[in-house]
2 protein chains.
Amino acid sequence: MNKKWVSSVLTIGSVALSSYYYGAYGERQKLLANGCLESKQQSELLHKHISKPAFPLFATVSAAELAEITEVNLTATPLRISQIMKYGFPSLDNVRSYSDFVLSYDRRNRVPNWVFEHLTPSSVAKNEEVDRAKCDFKADESIHPYFRSQNSDYFRSGFDRGHMAAAGNHRLHQKHCEDTFFLTNMAPQVGQGFNRDAWNRLEMYVRKLTKVYPNVYVCTGPLYLPHREDDGKSYIKYQVIGTNNVAVPTHFYKVIVAESTDGQLEMEAYIMPNQVISDDTPLQIFQVPPESIERAAGLLFFDKVNKTHLVKINGKKV
Amino acid sequence: MNKKWVSSVLTIGSVALSSYYYGAYGERQKLLANGCLESKQQSELLHKHISKPAFPLFATVSAAELAEITEVNLTATPLRISQIMKYGFPSLDNVRSYSDFVLSYDRRNRVPNWVFEHLTPSSVAKNEEVDRAKCDFKADESIHPYFRSQNSDYFRSGFDRGHMAAAGNHRLHQKHCEDTFFLTNMAPQVGQGFNRDAWNRLEMYVRKLTKVYPNVYVCTGPLYLPHREDDGKSYIKYQVIGTNNVAVPTHFYKVIVAESTDGQLEMEAYIMPNQVISDDTPLQIFQVPPESIERAAGLLFFDKVNKTHLVKINGKKV
């Protein structure tokens, strides 16, 4: 896979991506059925799986185990995309794939609609070869200039360029970390007290889930929530910054699915206001029913999750 | 084409629609190449075209002439969709096709992103058999309940259910008119002084263009424009109504392409604030560069227009 190919993937966008997704899935199924996986390692993995009666051979293959054993991919391969997006696309609007995450870009607000990541113990593990200090925030040239956010939009705005896919979640390779610095992956966040504090605590919490669960899927994005004013009416109000009018979301969300070795799923959903949050505020008070985020964002999360495998939502049995 | 098929089209949504679009176009090209069009009328039309040396036989076929001679379609056929969308989709997000117009639905704001129509002298002509008083505003069941706007949202809100595809543009058949009453085609509009006045004048102006141009393509939608406040910062603020938080856009736009018999194109673009506008305000003062709507809406309009055929923008030669 060369750079030209990647650039082509970026351009083709959402339609092509979903085709890839289904294509990759179909290919995977075919390989499984024929027992003709590419590498010796993968073939061994397949036989290991066949010997496990509980493994759902004819369902989607567990993504993380493959990620562990295959080489680190520096481009967004169809296989890696199908791993990240295993449980469905929240929407298909202006989808962009990067080396280790996938997002939908909101061309009106110049921030993402959603960003999807698949974390494993190895993808979040400390890696001396990866240095986020060497990464530069950069505009994504694959976005039409009319809709492209720029570093200048954030400059002296008073807001941080807040990562949606956190840099610390992508430590397998420098390129993975670098890709998280595309401005398509950013939204303006309050810095002190939020991005560098409460929001960071939430990101660390998600990473820690990989100590218990081999696969953690997380979808992150902005919200623009209404509030009632003195006239009794509800309004949505948010600041926009820079010459490109980049939206400053009122809130941010994370919807997380943690997958255990036996395929059981636990879901958690959080909404945090984009404002200073006291350090002693427990993360739990930001938990909300996943449905409330879906309604506010206009998105459907994890719609491919088999509901019989979902055992907990926000820590409560379902 | 039966109802089940239509319902299936609605569900498949944007990806399927774009496939249909290209499929229909390809099919058309094939039929033209083979000279094996379906009906005797279409075959005659083809020969008429072949006998005209200036007709671009291997480019897209002029949509309106076909519309004039084929039967009135009561469902959204791929052919009709390809006519309406001849000059490109502004985006592919949650596309829905109705019997005589196509739209993209904004699931977050519960109003359309854009609504595309193709007007001809016959589609806007007075037709005694079509009565808009018999049409009922109705929710679109093809939209997920989380994102579906309802009549109850507008009830006692103080806002009209404002048509984006105007009922008066779809008079070939009662069904065409009825379809414009789906709430997916509505956005909250100030009634007196706007929807029933200035906005209506703009709609009538667009219809009148068909007296001069055999084909008029019009894209209509909402905008949420920023304003500067006393603190020197820019904000986007808009009301939301009802339990589904239906957005009240701050402005509405229309981008129009009028096509003459010889294929020359003229473009006009308008932005109107969603507020009372004095009756003596000329429509012309609402004209804006099309690009300004594209930037604000996050959409690209008429991107398939051959720029050498575009002779005027907002009445000025290009």
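Each Cβ is built from the backbone N, Cα and C atoms, and glycine gets one as well.
Quick look at what TrEMBL lists:
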- A:H163: active site, proton acceptor (ACT_SITE)
- A:N195: Mg(2+) binding site (BINDING)
- A:97-308: domain 'DNA/RNA non-specific endonuclease/pyrophosphatase/phosphodiesterase' (DOMAIN)
- A:98-308: domain 'ENPP1-3/EXOG-like endonuclease/phosphodiesterase' (DOMAIN)
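Long-range C-beta contacts of the residue listed as 'Mg(2+) binding site', restricted to its own chain and to partners at least six residues apart, with a cutoff below 8 Å, comprise A:D160, A:G162, A:Q189. If you take every residue in the domain 'DNA/RNA non-specific endonuclease/pyrophosphatase/phosphodiesterase' (A:97-308) and average the pLDDT, you get 98. Over all protein chains present, the Cβ of A:H163 (active site, proton acceptor) has 25 other Cβ atoms lying within 10 Å.
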